[in-house]
Amino acid sequence: MLLLAIESSCDETAAAVVRDGRIILSNIVASQISVHAGYGGVVPEIASRKHLETISTVIEEALQAAGVSLTDVDGIAVTQGPGLAGALLVGISTAKAMAYALGVPIAGVNHIESHILAIFLERSIEFPFVALAVSGGHTHLYLVEAVGRYKTLGQTLDDAAGEAFDKVAKLLGLPYPGGALIDRLAAEGDPEAIRFPRPLMRDESFNFSFSGLKTSVLNYLQKNPAAADGRALNDLCASFQAAVCDVLVSKTAAAVSATGIKRVVVAGGVACNNGLRREMSRLAELKGIELHIPSPLLCSDNAAMIAVPGDYYLSNNILSGFDIDALPVWPLDSIASRLTKGS
């Protein structure tokens, strides 16, 4: 099956052409970072307008790069949620119009599900597995039993890990988005220079909390204003990143121990972080865990990942009707009830 996949949940306008949910023929991403940088974060209304301006061009580029035409497309997969309502609607409206015009089926898929399943674009792995989905808007641990079958093990009680990175970067005067900059600065710093707290690390649940860690960084900066410059900045970034990674790795290890499943997927934008990738690899080696982390391009928002669950649902006649609407909030473990066979 040849799928056109569309992603517009936040500030990337993306389209991809993927065969059989595994073979990427093209994967085009138009970023809005430069547009939102001056505001220090994503402005939803501006994001929606930029999606409207860009989406047709991005789709055309994806088709050209794949060497196919619209009439070759067998179905369309589109991000239905979670995400920004206006941004989602741009992608969904475009997908519905194209599917109707072409007479092909459409599948609305979950953005977080797509992050978790993106690994299948690079290799096949067996179910079940434990998944850590970690991004700017989500930090969750899931038990993944099969495509469409997910159980939430734990989640953030406040800030997501990626959100904490961006907020701390802002405290340090770093430009948006700051997570990648903290990662680069941390590489030259001492992760043991400052002992920041590890929230909920000894808690028996699999939940996360990062707002207190962010506040600890703020308090440290107020007492040590020089820490935002030079070598001290590298040490602060390394120490903050180490605290976040320690919590993520510890909770993942606990989930592996509790479920008895020694197969782990780490997915989402924060999975690009070099410190997290390194510490997860150490955990895997120490505990004999089969670890899977997609390449950075497939960790960040893209449309190729949307095609993975999209292909599964369309191939199994689990379709979305033309009344498909945006789901800004869409818990992953409720996904089965959102999909109707043969509709």
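Quick reminder: no glycine exception, Cβ is built from N, Cα and C everywhere.
DSSP assigns His115 (Fe cation binding site) to a helix in the three-state reduction. The Fe cation binding site annotation in Swiss-Prot covers His111, His115, Asp301.
Taken from Swiss-Prot, the feature substrate binding site applies to Ala133, Val134, Ser135, Gly136, Gly137, Asp166, Gly179, Asp183, Asn273, supported by sequence analysis. Neighbour count (other Cβ atoms within 10 Å of the Cβ, all protein chains): 27 for Asn273 (substrate binding site).
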Please identify, from the binding-site residues His111, His115, the residue with the sparsest Cβ neighbourhood, meaning fewest other Cβ atoms within 10 angstroms.
His111
Could you tell me the C-alpha distance between His111 (Fe cation binding site) and Gly137 (substrate binding site) in angstrom, no decimals?
11
Please identify, from the binding-site residues Gly137, Gly179, the residue with the sparsest Cβ neighbourhood, meaning fewest other Cβ atoms within 10 angstroms.
Gly137
Starting from His115 (Fe cation binding site), work out which of the binding-site residues listed here (Ala133, Gly137, Gly179, Asn273) have their Cα within 10 Å, and give them in sequence order.
Ala133
Provide, as an integer number of angstrom, the distance between the C-alpha atoms of Gly137 (substrate binding site) and Asp301 (Fe cation binding site).
12
Roughly how many Å lie between the Cα atoms of Gly179 (substrate binding site) and Asp301 (Fe cation binding site), rounded to a whole value?
15
Conformational class of Gly179 (substrate binding site) under the three-state DSSP mapping:
helix
